[in-house]
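Chemist: The feature domain 'NADP-dependent oxidoreductase' is assigned by TrEMBL to 18-285. According to TrEMBL, the active site, proton donor annotation covers Tyr51. Among the features that TrEMBL reports, site 'Lowers pKa of active site Tyr' is placed at Lys76. Marked as substrate binding site by TrEMBL: His109.
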Amino acid sequence: MALARSFKLLSGYEIPAVGLGTWQSKPNEVKNAVEHALKSGYRHIDAAAIYDNEKEVGEGVKASGVPREDIFITSKLWNTHHKAEDVETALDITLRDLQTDYVDLYLIHWPVSFNKKDNVTRFPLHPETEAVDVIDVPVAETWKAMEALVRKGKVRTIGVSNFTRDKIEDLWKTAEIRPAVNQIEAHPYLQQPGLLAWSKEQGIVVEAYSPLANNIYNLPRAVDDPTIAELAKSLGKEPAQLLISWALQRGTVVLPKSVTPSRIDKNFEVFELPTDVFDKINALDRNHRYNFPARLGVDIFDESDPATLQKAVETWVAQQKKIRAGQA
């Protein structure tokens, strides 16, 4: 059975199965990466306002010479713009930076809202606690504004990111357009089989970000796992190729990130895994999440207790104070 090259969305559109991730790609590198990827056959670019590089992503798309209608572009609504009156404003900035009239997929980046403040586009702080200023904006309010973007033709498909099943089911209660995608952290160390199986039953396409278990904390990565290395060697492939192919074989869209031309090309060379290899990778699951912003003090994934969250917030606040003191 050949690996899927695309998946059908609830909106009726097709989403390419492999996309170029742009998280943590520096602005001066991402333009060339996007241009090279598109010239090499990629047709799916995953972007976000919080990545601070959408302008360069747009430049890369334009420089590639690939017609806009042949490219699937995703962007994401950041946490500061969840109020109904802010959603379209955020998208318009993204459209300007990407040099396009529409995006193919627009996601609510996180199920948590920040108190938007002038000149603070990322993590606004509470004036008293100095923690991130989290506020309560009903997801139904944000989603209704997202639906309006579809009707205006600025967005073709809408979805979510980092949502649990419960949060999606809560969203359904008021949604007129169901979310077609849930982009989540997924790799051999965090496979989330229950969420994946349920999503397939509901027609929701799951996108896997950080498919190599990359992280910013210098923790062991799946791409460096000895078992992965051994399996890749036995097939004459590279570890990254093995993990990307495994993710596709599970039925997820996969979003590997690279700014190195040779790596971008290698990541696009996917193949079907033998059953025994596929099963051995499945056995590596540790339920280990790398990307959990506990510093927000919100139990986003229903996995943490209040004491753990409070400690994470206090630790983050202390770290930020030290950083500011060092800059003074």
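Heads up, the Cβ atoms here are built off N, Cα and C, so glycines get one too.
Here the structure is a predicted model, which means the values were calculated and not measured.
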Chemist: Least buried of the recorded positions Lys76, His109, going by other Cβ atoms within 10 Å?
Modeler: His109
Chemist: Find the average pLDDT over the domain 'NADP-dependent oxidoreductase' (18-285) in the predicted model and report it.
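Modeler: Across the domain 'NADP-dependent oxidoreductase' (18-285), the average pLDDT comes out at 96.
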Chemist: On the three-state reduction of DSSP, what should I expect for His109 (substrate binding site)?
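Modeler: Reduced to three states, the DSSP call for His109 (substrate binding site) is coil.
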Chemist: Please state whether DSSP places Lys76 (site 'Lowers pKa of active site Tyr') in a helix, a strand or coil.
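Modeler: In three-state terms, Lys76 (site 'Lowers pKa of active site Tyr') counts as strand.
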Chemist: Enumerate same-chain residues with a sequence separation of six or more from the residue listed as 'active site, proton donor' and a Cβ-Cβ distance below 8 A; give 'none' if the list is empty.
Modeler: Thr22, Trp23, Gln24, Ser25
Chemist: Between the residue listed as 'substrate binding site' and Lys76 (site 'Lowers pKa of active site Tyr'), find the distance joining the two CA atoms and give it rounded to the nearest Å.
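Modeler: Per the Cα atoms, the residue listed as 'substrate binding site' and Lys76 (site 'Lowers pKa of active site Tyr') stand 5 Å apart.
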